[in-house]
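Input: a single structure, listed below in structure tokens.
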Amino acid sequence: MPGSSDEPLPVSAESRAILFLTVFIHLLGFGIIIPLLPYYAETYGATGFTVGLLTTSFSFSQFVFAPVWGRLGDRIGRRPILIGSLLLTGVSYIVYAAATSLTLLFVSRMLAGVAGAVLSTAQAYVADTTRPEDRTKGMGLIGAAFGMGFIFGPAIGGALSRWGYAVPAYASAALALAAAAFAFVRLPESLPPGARAGILASRRSRTLREALARPVVGVVLGLFFVATLCFSGMETILALFCQRFYGWGPHEIGYLFAYVGVVAASMQIGIVGALARRFGERALVRAGLALMGAAFVVAGIVPPLALFLAVMGAIAVASGLTTPSLSGLISIATPADEQGGILGVYQSLGSLARATGPFLAGFVFDVVGPGAPLWMAGIVLWIAALAAARLPRRSASLTARSTS
């Protein structure tokens, strides 16, 4: 029956479009804030290390709380968690805008991390409402909303910053609160009370640790952690790398990130779902990790500018293949009564990787050399591509394992 653990709840295309718009509005606000954070923090005397700690405080808070929200969503439904996360995100941006010290900036970023259940809850919503064979396509829509937020957000933030750093923060708060109101009015619940009762009564998921002990889930979580660790490290040192070797400034870097975002979002909106149905998620993960590894190695040897731009496009394509495929795999491999909890762990591991990757990349950049974080990450990604061979070939095999 609808909402059971066996059949996804049927929802309209309009509902999925509303979910997409909700996530996009949220991430648009996030994209407005993040590029300006170092400059805002510097006005209160922050050093580079302090800016790194601000980033880590957000990611660590998200790492701790994402599984909590996921398990709560399994009990009370996805909609209240999504709306509550958006409301708390809006509050965090207001604190950010009104900050008069570094301490308040830290408070605002930690609040935002605590509220960081939007993505994992949206992924659980997709899992509730799609069949396994369509799961990767659904996850691709969430990834596309993420990418589009980072395409348009930084440009809007840069334009608003001419009136001070508080104005972009208030704009982000307005967007988060608008997304919450939009979801409250238009977004239906994906997990009806009957399905929640089944989750609470389930004996298959006595503890989250038992679910994580499943071999397929463990492999997917490991691959996601490695891919996110390498990608976040690249993002951190990319501006310094391009400044040193190509003489680029902030505007060129902004255009580069927009270019990468457009390519990755295009992959996730229109291509990855069809490829997953044709070749299977395992093939896409292996191809994406191998391509990303090769691109990182080539970028690390400082190629001519034209080749470097082509390599960045390849990284975007690889990200567009890997990210939704891993999200789809983790969802397919997880029983319906554990979706929220496992997807929360999935996102919290991503937060841990985003807290660790920048520090590792910065250390290697300073100690070994500017290109070393890229080619070293490329080698790690190749190893991950080999490890992905442990995944089943088709999602049907994953579904069978998850229900056994």
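Cβ atoms are placed via backbone N, Cα and C, with glycine included.
Quick look at what TrEMBL lists:
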type	residues	note
DOMAIN	15-396	domain 'Major facilitator superfamily (MFS) profile'
TRANSMEM	18-40	transmembrane segment
TRANSMEM	46-69	transmembrane segment
TRANSMEM	81-99	transmembrane segment
TRANSMEM	138-157	transmembrane segment
TRANSMEM	163-185	transmembrane segment
TRANSMEM	212-241	transmembrane segment
TRANSMEM	253-276	transmembrane segment
TRANSMEM	288-318	transmembrane segment
TRANSMEM	372-391	transmembrane segment
Review point. Ranking 18-40, 81-99, 138-157, 212-241, 253-276 by Cβ pairs under 8 Å to the transmembrane segment (372-391), which is first?
Key: 212-241
Practice item. Take the transmembrane segment (253-276) and find every residue of the same chain, 6 or more past its ends, with a Cβ under 8 Å from one of its Cβ atoms. Key: 35, 134, 136-138, 140-141, 143-144, 147-148, 150-151, 154-155, 158, 238-239, 242, 284, 309, 312-313, 315-317, 319-321, 323-325, 328, 395
Check your understanding: So, do the transmembrane segment (81-99) and the transmembrane segment (163-185) meet, by the test of 3 or more Cβ pairs under 8 Å (sequence gap 6 or more)?
Key -> yes
**Study point:** Cβ contacts under 8 Å made by the transmembrane segment (288-318) with residues that lie 6+ beyond its boundaries
**Key:** 223, 227, 230-231, 234, 245-246, 256, 259-264, 267, 325, 371-382, 384-385, 388
Practice item. Summarise the model confidence on the domain 'Major facilitator superfamily (MFS) profile' (15-396) as a single mean pLDDT, whole number. Key: 82
Revision key, fill the gap. Sequence-distant contacts of the transmembrane segment (163-185), meaning Cβ under 8 Å and at least 6 residues beyond its ends, amount to 18, 21-22, 25-26, 28-30, 32-33, 36, 39-40, 43, 79, 82-83, 86-87, 89-91, 93-94, 96-98, 156-157
